[in-house]
Amino acid sequence: MGYCRMGTIMKDMKQKNNELKYYNQAIEKDGNCFQAFVCRGLYYMDEQKIDYALSDFNSAIEINPKYCLAFYNRGNLYTVCDEIENALNDYNQAIQLDPKFAIGYFSRGILYDDIGEIEKALNDYNQAILLDVNNAKAYLNRGILYDNIGEKEKALNDFNQAIQLDPNDGTIYYNRGILYADIGEKEKALNDYNQAIQLDPNDALAYTNRGILYALIGEKDKALNDYNQAIQYDPNNSIAYYNRAIQYYNIGQKDKALTDYNQAIQLDPFFYNAYNGKGVALQNLNQYQQAIICFDQAISLAPNYVNAYFNKANSLEKLTQYSQAIKTYQIALIFNHPSQNYIIQTIQQLRALL
């Protein structure tokens with residue numbers, strides 16, 4: 001049995017030191033063994049030794065410029081390093097060398113998806129599925145793409161197919177749960193989030209989304225528990241802090257809400273909803289000037305965010321800055337805030353006070 005083959009066996013057995021030893025021996029015995037360079041490059045990728053990995057992939061390509069796996073794996077490395085153009089070139093080369101290389105289309109599809117080339121991504125996912133009808137991940141990713149562009153029925157079909165192919169992948173249930181929640185199928189969404197968590201009890205995003213769903217159906221305690229779990233498993237989850245803040249605010253724990261809004265903002269300084277939520281919490285504590293600062297920050301990040309204008313107008317009104325309040329209410333009207341009648345009546349009342 002060859003040294004390179006022994007290295008892959010050691011990899012399967014998770015014996016890292018022996019894995020590297022056999023790859024090294026394979027290369028020492030035959031300096032033109034391009035497969036060994038690729039395998040060792042993958043080892044170095046796993047160990048986050050990027051320069052070593054790149055050097056090995058380059059060596060493999062230099063030895064055999066027709067070996068599509070070398071280009072493919074170097075493309076993956078470039079993707080990890082956010083070198084998009086280089087990654088795309090390598091995926092293209094891998095596919096050119098092997099037009100039936102299903103995983104190459106799939107990975108290029110992911111790259112296109114990430115950079116917003118939706119049509120190209122869809123074409124690549126389609127081709128990946130055509131070449132490998134059992135690729136659950138390709139159905140999952142195409143389903144997510146369909147969901148993002150509003151093709152809900154196609155997305156659901158793809159999620160169902162992915163689950164049929166791989167019923168133990170929690171991420172598929174999680175994404176189907178998001179779809180069900182979006183179309184108002186709350187019970188089905190809850191079942192899918194439950195299944196996702198059962199398959200991966202550490203999935204912070206699944207806890208977050210299930211918490212949001214529990215909040216929507218009035219299960220406040222369950223929502224709070226799920227946000228707590230989400231934060232425990234991912235302390236950098238700004239969405240969980242934001243939604244827990246909403247929950248704290250709704251049950252009257254304003255100080256805790258404020259703390260969580262601050263944490264969400266610290267984790268994501270561009271989270272305009274969190275600035276607005278923090279402003280509302282400050283408003284409720286009669287800290288109107290500080291609230292206005294938060295609303296202004298939300299507006300600077302999202303100039304069409306109508307709730308921030310409405311809330312800012314409320315604070316200006318409380319500070320008896322009636323002219324500014326009227327102007328801000330008028331902007332909320334322009335952006336079609338749902339409380340149209342209330343705003344019109346309030347503007348009339350404020351004008352009478354000038």
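Glycine is no exception: its Cβ is also placed from the backbone N, Cα and C atoms.
Model, not experiment: these values are computed from the prediction.
Taking H, G and I as helix, E and B as strand and the rest as coil, DSSP gives the repeat 'TPR' (34-67) the counts 27 helix, 0 strand, 7 coil. Residues annotated as repeat 'TPR' in TrEMBL: 34-67 (among others).
Same-chain residues lying 6+ beyond the ends of the repeat 'TPR' (68-101) with a Cβ under 8 Å from its Cβ atoms: 34, 37-38, 41-42, 45, 50, 53-54, 57-58, 60-61, 107-108, 110-111, 115, 131. Annotation comment: TrEMBL describes 68-101 (among others) as repeat 'TPR'.
Marked as repeat 'TPR' by TrEMBL: 102-135 (among others). Residue counts for the repeat 'TPR' (102-135) under DSSP, helix first, then strand, then coil, are 27 helix, 0 strand, 7 coil.
For the repeat 'TPR' (136-169), residue counts in helix, strand and coil come to 27 helix, 0 strand, 7 coil, using DSSP. Per TrEMBL, repeat 'TPR' is recorded for 136-169 (among others).
Annotated repeat 'TPR' per TrEMBL: 170-203 (among others), in sequence order. Confidence for the repeat 'TPR' (170-203), expressed as mean pLDDT, is 98.
Summarising the annotation, TrEMBL assigns repeat 'TPR' to 204-237 (among others).
Counting residues 6+ beyond its ends, the repeat 'TPR' (238-271) has Cβ neighbours under 8 Å at 204, 207-208, 211-212, 215, 220, 223-224, 227-228, 230-231, 277-278, 280-282, 284-285, 301 in the same chain. Among the features that TrEMBL reports, repeat 'TPR' is placed at 238-271 (among others).
Long-range Cβ contacts of the repeat 'TPR' (272-305) within its own chain (Cβ-Cβ under 8 Å, at least 6 residues beyond either end) map to 238, 241-242, 245-246, 249, 254, 257-258, 261-262, 264-265, 311-312, 314-316, 318-319, 335. As annotated by TrEMBL, repeat 'TPR' applies to 272-305 (among others).
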